[in-house]
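Q: Mind having a look at this structure? Questions to follow.
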Amino acid sequence: MSKITFLGGGSFGSALAVLLAEKNNVVNIYDRDKNVVNEINIKKTNEKYMKDFAIPKGVTAFNSIEEAIDGADYIVLSVPSHVIRSMCIAIKGKIPRDIPIISIAKGIEEDTDKRLSVVIEEELDNPVVVLSGPSHAEEVVMRIPTTIVSTSKEMKFAADVQDLFMTPYFRVYTNDDIIGVEVGGAVKNVIALAAGVIDGLGYGDNTKAALLTRGMKEISRVGIALGGRAETFYGLTGMGDLIVTCTSMHSRNRRAGLLIGKGMSLEDALKEVGMVVEGVKACRAFYQLKERIGISMPITDGLYKGLFEGKNAKSIVDELMNRDKKSELF
């Protein structure tokens, strides 16, 4: 039995907290929202992030970070990507250095273009494990068979986290390509936003297939440029996560894109979704990154112009379709 603290009471963190509690672990959740904390502790629900599902008795919520992390064997950073650094700063010097930090966010730091594990390493001296893959919280909590990947620079810790989370319905693989795993999980959010836009525009299966396939090319292109391995992008954290995020009704990124494709402004679409849409910040970050390192990411480029420069979505699709001819494998 282990004690695991989740810093953030969002949907995926809550789903994993339920999973670990059902394995007879002691689970703490820190959340800054007192209403969320009280609801978890009193009603044993978290309706804001996980509707219609009960929280096991083994889960306790706290408003105090210090209380939540006290005695923890593992700490899970279950906050959005833009909060990762500030959360690490909040626990710096308050935990032993041998406690693994598990990152479940999918994105990069917008202002620095740094992967989230790098951000964590800059602030903390603890081992870092990244847990990523095609895993919507709504399905995990329903015990629908799910597969995911655990990765770290120190594979002993990746294997420990594999054992920690493995259940008959939640299968965890290990992969030593932490760069590829993180980049795949971040860029697929950009492609998922674009997938939602083309759905909102009313395009069909042919268009969606083209977007996913060429989106996969963008993921692998930037991932390899940053040091990831090609085969990683055709695994769970690349192709697998891309498929589920671009096609699922659960995907916040696809839903936001769908609303934008139907004519809603970015601001209004984000309000309608009501939760963090990582693809928006990732789009800006990867647009800046591809400009800096000099690689071609036409889907990301087009989405950026639509989101931040007000360009018409249909005209962006027309431009993509009328680019200079070239080999598919370029």
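We count from 1, first residue shown onward.
Using the three backbone atoms N, Cα and C, a Cβ is placed for every residue, glycine included.
So Swiss-Prot says this about it:
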- S11, F12, R32, K106, A137, R252, V276, E278: NADPH binding site (BINDING)
- K106, G133, S135, K188, D241, S251, R252, N253: sn-glycerol 3-phosphate binding site (BINDING)
- K188: active site, proton acceptor (ACT_SITE)
Q: Relative to the Cβ position of K106 (NADPH binding site), how many further Cβ atoms are located within 10 Å?
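A: Step by step: centre on the Cβ of K106 (NADPH binding site), count other Cβ atoms within 10 Å, giving 28.
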Q: Select the closest residue to D241 (sn-glycerol 3-phosphate binding site) from the following binding-site residues, measuring between CA atoms: S11, K106, R252.
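A: With Cα distances computed to D241 (sn-glycerol 3-phosphate binding site), the winner among S11, K106, R252 is K106.
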Q: Between E278 (NADPH binding site) and S251 (sn-glycerol 3-phosphate binding site), find the distance joining the two CA atoms and give it rounded to the nearest Å.
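A: One finds 11 Å between the Cα atoms of these residues.
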Q: Reported as an integer number of Å, what is the Cα distance between N253 (sn-glycerol 3-phosphate binding site) and V276 (NADPH binding site)?
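A: Cα of N253 (sn-glycerol 3-phosphate binding site) to Cα of V276 (NADPH binding site) measures 9 Å after rounding.
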Q: Just to be sure I understand the packing, how many Cβ atoms besides its own are within 10 Å of the Cβ of S135 (sn-glycerol 3-phosphate binding site)?
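A: Result for S135 (sn-glycerol 3-phosphate binding site): 22 neighbouring Cβ atoms inside 10 Å.
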Q: Within 10 Å of the Cβ of G133 (sn-glycerol 3-phosphate binding site), how many other Cβ atoms are there?
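A: Cβ-Cβ neighbours of G133 (sn-glycerol 3-phosphate binding site) within 10 Å number 24.
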Q: Return one of helix, strand or coil for A137 (NADPH binding site), based on DSSP.
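A: In the DSSP reduction, A137 (NADPH binding site) maps to helix.
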Q: Out of A137, S251, which of the binding-site residues is least crowded by other Cβ atoms within 10 Å?
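A: Checked A137, S251; of these binding-site residues, fewest Cβ neighbours within 10 Å: A137.
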Q: Indicate the candidate from R32, R252 with the smallest number of other Cβ atoms within 10 Å of its Cβ, considering only these binding-site residues.
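A: Each of the binding-site residues R32, R252 was scored; lowest Cβ tally within 10 Å is R32.
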